[in-house]
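What follows is a short report on a single structure.
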């Protein structure tokens, strides 16, 4: 298993903001397993999406923002996003852990458009193009049709901005329903890195779900792994020696810490590769790749 190569506390390394699902696909498709990014959800404003390259595809996992300011992915809850990423550094989502963030592209994101022929007298104004119809839900909302150009007046909230249409009417618009227009610069400079376009909301059923337990992948899915016959715990205790040190994540109370040379009494061998065992009275889960089974009756196997 590859080790993680990122600092979860460095939000700028992995949070990409309002990146569309299609752009996430483009950035991650064909990349190494475990490359990922965190983006804003266009389906549920305020939520996030963890997009990951795994098993020759790109999976998208919804991260719900809870009222108690915690975050939920699958059946797991976390105090903050760095804690969630730390957890999935050593726990598999489906077939991979999180290894490294996707690199930031210096050029404007795919799908962003240039604002043609905008009045030079309004050089400091920010324009957006509407992605589809919005009828308006409240009196303060600004209804619009798909394809309109709007001028942003102010941004009082993260997901709701004040805008003006061509008729001079002002009202609130939902940010996920529009895309920013990147003004072409005569000096050839790119637009602001945060000028990402929002895509049409993706359906809820398009999201993947992480495994409900904390498994490692099956032996067969581990490249280069040899599939050897394993003893059964039904025939009596099975013992193994730790061949790799393991320091569990502080957020995971189910993991078993291991020191090289520890003798582990294996109590269960799950087919997903996450075994259960006991060391000096401590019980928990550990990856089978960290131990080597031996026969207590044969000292030669202890070498």
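Note: Cβ is positioned from N, Cα and C throughout, glycine not excepted.
The domain 'SH2' feature in Swiss-Prot is assigned to 14-102; the stated evidence is sequence analysis. The feature domain 'SH3 1' is assigned by Swiss-Prot to 123-183, with sequence analysis given as support. Among the features that Swiss-Prot reports, phosphotyrosine is placed at 127, 207, with the record citing similarity to another entry. Taken from Swiss-Prot, the feature region 'Disordered' applies to 184-203. Taken from Swiss-Prot, the feature domain 'SH3 2' covers 235-296, and the record attributes it to sequence analysis.
As a summary of secondary structure, the domain 'SH3 1' (123-183) carries 3 helix, 29 strand, 29 coil according to DSSP. Across the domain 'SH2' (14-102), mean pLDDT in this model comes to 88. Here the domain 'SH3 2' (235-296) has, by DSSP, the following mix of helix, strand and coil residues: 4 helix, 31 strand, 27 coil. The 10 Å shell around the Cβ of residue 127 (phosphotyrosine) contains 18 further Cβ atoms across the protein chains shown.
For the domain 'SH2' (14-102), residue counts in helix, strand and coil come to 19 helix, 31 strand, 39 coil, using DSSP.
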